[in-house]
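Here is what Swiss-Prot records for this protein:
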DISULFID  Cys95-Cys186  disulfide bond
CARBOHYD  Asn6  N-linked glycosylation site
TOPO_DOM  1-23  topological domain 'Extracellular'
TOPO_DOM  48-55  topological domain 'Cytoplasmic'
TOPO_DOM  78-98  topological domain 'Extracellular'
TOPO_DOM  119-137  topological domain 'Cytoplasmic'
TOPO_DOM  157-192  topological domain 'Extracellular'
TOPO_DOM  217-232  topological domain 'Cytoplasmic'
TOPO_DOM  256-266  topological domain 'Extracellular'
TOPO_DOM  287-315  topological domain 'Cytoplasmic'
TRANSMEM  24-47  transmembrane segment
TRANSMEM  56-77  transmembrane segment
TRANSMEM  99-118  transmembrane segment
TRANSMEM  138-156  transmembrane segment
TRANSMEM  193-216  transmembrane segment
TRANSMEM  233-255  transmembrane segment
TRANSMEM  267-286  transmembrane segment
Amino acid sequence: MRQNNNITEFVLLGFSQDPGVQKALFVMFLLTYLVTVVGNLLIVVDIIASPSLGSPMYFFLACLSFIDAAYSTTISPKLIVGLFCDKKTISFQGCMGQLFIDHFFGGAEVFLLVVMACDRYVAICKPLHYLTIMNRQVCFLLLVVAMIGGFVHSAFQIVVYSLPFCGPNVIVHFSCDMHPLLELACTDTYFIGLTVVVNSGAICMVIFNLLLISYGVILSSLKTYSQEKRGKALSTCSSGSTVVVLFFVPCIFIYVRPVSNFPTDKFMTVFYTIITHMLSPLIYTLRNSEMRNAIEKLLGKKLTIFIIGGVSVLM
């Protein structure tokens, strides 16, 4: 239960108070959000609609794309509305909800990236047993484990709810997150800050290193492969490792340190909450011929149906 709390809403300071800069940022973040949602949902629909994309790798990619779209939706709409309407306030309950959902999808993505690395290891290092090991039941179980991991990680954020907030209520950020909220609490948050480092920073650091090692092991096993298979495996691994670096490096910068609010934090947060999720569909499709062909077929069918429907209406 919250005690000594007279704060009912927070003010998200955002990036700039200059109207011209806000308009430019509004256009930029709106376009980025639209590209993110359309790109990720296109991958989800494409994988569901294409029988050729029925392997476990594409199942996990569809799940990752859905999480990316949901993750971005947790942050971007509020940011965009604030820039357009100059409404920068968020209720206390809304702030806590954003914090929880943000970390839920972020935690789920971290564990899902681990699952995807394991999937690639089995596919490349044990190809004859791949479909036996990564059967449908195992895939769903791994997905559930990733989601539970995200929930457990986000459940820790509830500790902020019980902290007293007496004022000021200005968050020097564009969204609700642990570090800026802990700085506003009217109590000593040193030990809570240390648990944030463990719950977010240390986990990101450990998993990031494990993922890099796993991709290194996979790459070292490609020596015995033919040039064609080696090229395909390298393409898949390079896509996965690129997303891992783009997502984890900013997270580590933010969370592997005591509670403090650096000017660069907002821009680093934009990178791993918005930019990475926009780039993810491009990274996974540009070097994957199967994905490109499936998307071309899907868009070709939709375009044909649209043209036929339009002609029918005109006739």
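Going from the start of the chain as shown, residues are counted 1 onward.
Every residue, even glycine, has its Cβ placed from backbone N, Cα and C.
Away from its own ends, the transmembrane segment (233-255) comes close to residues 57, 106, 109-110, 113, 116-117, 120, 124, 179, 196-197, 200-201, 204-205, 207-208, 211-212, 215, 218-219, 222, 225, 265, 268-269, 271-272, 275-276, 279-280, 283-284, 287-288 of its chain (Cβ-Cβ under 8 Å, at least six residues beyond either end). Around the residue listed as 'N-linked glycosylation site', the C-beta neighbours below 8 angstroms that are at least 6 residues distant in the chain are Phe165, Cys166, Gly167. By number of Cβ pairs under 8 Å, the transmembrane segment (267-286) is matched best by 56-77 from the list 56-77, 99-118, 138-156, 193-216.
In this structure, the disulfide-bonded residues under consideration are Cys95, Cys186, and the one with the smallest number of other Cβ atoms within 10 Å of its Cβ is Cys186. Within the model, the topological domain 'Cytoplasmic' (287-315) shows a mean pLDDT value of 60, rounded to a whole number. Within its own chain, the topological domain 'Cytoplasmic' (119-137) is flanked in space by residues 55-57, 60, 214-215, 217-218, 221-222, 233, 236-237, 240, which lie at least six positions past its ends and keep a Cβ under 8 Å from the stretch. Secondary structure at Asn6 (N-linked glycosylation site), taken from DSSP and collapsed to helix, strand or coil, is coil.
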